Amino acid sequence: MNEKERASSTDVTRRTGGKAFHRDICVSPSGETPDGVGIESRKIPTPKQGVGSRLRSSLCWILAALACLWLAICTSLGPLYRQFTTNPTAATILAFSLNDLVRLIFSFFVYLFILRILVGWARTPAWFSTRLNADMRAARSAWRTYQKERRSRDRKDTGCSPAGRDLRHPDTANASTSPQVPSDRPQSARTGFLRRASSDIALRLRAFPAQARSFVLRITANCHDIMIVLILGWLWVPVTLLTAFGADLRSQLREFSWAWNQWTGQKQPYIGFFSFVPMDIYPTAHYMWPARPTYLTDQHNIVLTLFYGSVASLSRYLTGSNDWGLIVLSTAQFIFAAFALASCADRFFNRRWLGTSGPRTIGAAPRCIIIAFLLLCPIVQFSTISLTKSPLFAFAFAWWFSIQYEICTNRKSAAHTRPSTLAALAVSTAVMLCSAKYALYIILIEFLLLLLVNRNHWRTYAIGLLIPVIAFEAALNVAISTGTVIGGDLIESHGPQLQQIARVARLNPNGIPPSARRKLAAIFNLDQMAEAYSQQDADPVKSSGIQSKKVSYRWRTVTKADMKQFNSAWLQTVRANPVIATDALLAKCYGYFDINDPPYVDMAYYLSNSQIDNASTWIARWLPGWRQNVSNTAKSMESFPVLGHLVCGNLYVIMTLLIVAAEFVLKRWRTLACHMPLLLLMGVMITSPANNFERHMLPLVFVFGFVALTFITESYEHETVKVRRDIPIDSESSGSLPCNA
């Protein structure tokens, strides 16, 4: 390689951010290209693939296209199902019109185009970046040329030359060419001050990007600094709003109060058939109640019930009300949220376990974008103080997700796993198990996948994932078997099936087969079930609520033998009514994947609702106008065109699904194993009781920025690996760069 080509190669490396992407960028001998940047961008032909490889690639693309098709179907069906409250008979796939078909095709190609862009960029990020920079330089050059030509035209139209002469008057032109006598007037102090000030401002503006970059890197250099930033940015939430909760918390506090009275010697029998105790609010079948009266259930996760209830009881003992206890609980969750997200961000930003990469492998721009999103997004802000199980699970999941990322990207042996990492994995797993029941299935499936792709760390996964699961499940089963705790009702796991039966009972009651009707009659009051049906939420069908509710689910009289016939009755009903059953399933889950669907219950709901007004002594009177204004502002932001999607959870569900589909096409199996919990959470959304319930999307919202960051960094890292394999960087050993010039 001669000196000229070596200098050009160095310039190319500098232009691509210090990465020698010689595989995609080469220098022509003349050093000239049509775009004027002195380089030529090209792609080296890849080796021909075999038949098996092409088939595997085609299969990957087919599955990714099916994901795009699912998103398009949900988007096209949204307008149909949203009219159910006004016209139930028209809310069906049988009413699918030409307009809906056009919407489906358009949505499919939009999602497929986004997927194709993601895959194409990920395969050659340096080439895309180079072409983008070249296009931007060409656009700036064209704009400067246009401005120069326009000024030249203006001067010709006004008759003025660049020197200020009037071209239309020769006398003036001759006079202007005569030597000018310098003025003896001293320059005014004001003019000098303005010049110095403008020069100082210009210097500061030129230095601002570097200073801002250094500042962002400094405040995100470790977990402690990031946590301080998050606490300061969110501080207004606990100070002005204090706490946020819904009906779940009131039910948990009521359960603990009844159990505490039982423990302290107060006799509380089940009373009788028409009694109404805490287990009747979110009903648990009476056949599951132990003979010895107990009032603790696993309906809302027993560990949270004990923790929340004990803090509230202590608050009542010390202050006479639950309010201070609720504030303490929200503050504790606020601190945990800041710690969990700070720990997550620190791992994705700094990656200290990669010794050769240094502590700052991620630039300032992505750090700034992700931190700004966490600070400004209302979903994240309100979740920090919302005392429901989903936000706590979501924060623990973000922490757990980042620990998995560290272990999967750590190429060292399992003996080099940091003790703090192992302890953090075990603790985050335990918090997830304590906050959500479906965490058990996510953890077990992920444990098996990680063993397949990263067997070197099997001890780490066994200690951090398997042992907490075994300990938690063993303790819970012992508590249930001894009658200390009432287990969760089996009906809770049949949300989609309940919605299908209820929709058939509502729209076609005579379509239920007689044998299925006999089996269902012992479990449900089908008439009440039809009246209680809501396609957005399965809780009314399960008879959730206080005394004034429709008794759809016969939880007082149903038996275990009756429940064994539920699946067969459901299957008979679905076979007899396939269209209505399909409508019921799609109507209860499409909103999670339809970007145009507004949230059924958003996180702002927990700020201002009847539960806060009725269950608190003085919290409801703390800045009530401000609380209502914050809630209303958040709701209005969601309805804002285009930009409102940024504060809705389903946008991040859709984008996460597209990124995972792109990783599947790119065959990044190790990364896919780490991201598999995100797909499992989407399955949880589909089977959850409610449609487009924002709190079920919280884990994906919290980690989306880090998923996108992983996709970008891995694309550059894979490109660098290909460069090292294809072309030696050392000029002495590689000779001249290959180039089709």
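Cβ coordinates come from backbone N, Cα and C, glycine included.
Among the features that TrEMBL reports, region 'Disordered' is placed at 24-43 (among others).
Residues or ranges marked as transmembrane segment by TrEMBL: 58-81 (among others). Within the same chain, residues 90-93, 95-96, 100-101, 103-105, 107-108, 111-112, 115, 535, 583, 586-587, 590-597, 654, 657-658, 660-662, 664-665, 667 sit at least 6 positions outside the transmembrane segment (58-81) and bring their C-beta atoms closer than 8 Å to a C-beta of that stretch.
The transmembrane segment annotation in TrEMBL covers 101-122 (among others).
Here TrEMBL flags 147-158 as compositional bias 'Basic and acidic residues'.
Residues or ranges marked as region 'Disordered' by TrEMBL: 147-190 (among others).
According to TrEMBL, the compositional bias 'Polar residues' annotation covers 173-190.
Under the heading transmembrane segment, TrEMBL lists 226-247 (among others).
Summarising the annotation, TrEMBL assigns transmembrane segment to 324-349 (among others).
Counting only same-chain residues 6+ beyond the ends of the transmembrane segment (369-402), those with a CB under 8 A from a CB of the stretch are 216, 220, 226, 229-230, 233-234, 237-238, 241-246, 248-249, 300-301, 304, 308, 326, 329-331, 333-334, 336-341, 343-345, 347-348, 424-425, 428-429, 431-432, 435-436, 439, 602-604, 606-607, 634, 637, 646-647, 649, 674, 677, 694-696, 698-699, 701-703, 705-706, 709. What TrEMBL records for 369-402 (among others) is transmembrane segment.
According to TrEMBL, the feature transmembrane segment maps to 422-453 (among others). Away from its own ends, the transmembrane segment (422-453) comes close to residues 298, 301, 303-304, 340, 343, 389-390, 392-393, 396-397, 399-400, 403-404, 407-408, 460-461, 463-469, 472-473, 488, 669-670, 673-674, 676-677, 680-681, 684 of its chain (Cβ-Cβ under 8 Å, at least six residues beyond either end).
Here TrEMBL flags 460-480 (among others) as transmembrane segment. Non-local neighbours of the transmembrane segment (460-480) in the same chain are 298, 302, 403, 407, 414, 417, 421-422, 425-426, 429-430, 433-434, 440, 443-444, 446-447, 450-451, 454, 486-487; each lies 6+ residues outside the stretch with a CB under 8 Å from one of its CB atoms.
Panel annotation: around the transmembrane segment (642-665), residues 57, 60-61, 63-64, 67-68, 71, 111, 114-115, 118-119, 122, 377-379, 591-595, 597-599, 634, 671-672, 675, 678-679, 682, 685, 692, 694, 697-698, 700-701, 704, 707-708, 711 of the same chain, lying at least six beyond its termini, place a Cβ under 8 Å from a Cβ of the stretch. Taken from TrEMBL, the feature transmembrane segment covers 642-665 (among others).
The transmembrane segment annotation in TrEMBL covers 672-690 (among others). The list of residues near the transmembrane segment (672-690) in space but at least 6 beyond its ends in sequence, with Cβ under 8 angstroms from a Cβ of it, reads 397, 401, 404-405, 408, 438, 441-442, 445-446, 449-450, 452-454, 493, 495-496, 536-539, 542, 588-589, 592, 600-601, 653, 656-657, 659-660, 663-664, 696-697, 699-700, 703, 707.
Annotated transmembrane segment per TrEMBL: 696-716 (among others), in sequence order.
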Proximity of the transmembrane segment (101-122) to the transmembrane segment (324-349), 3+ C-beta pairs under 8 angstroms: no
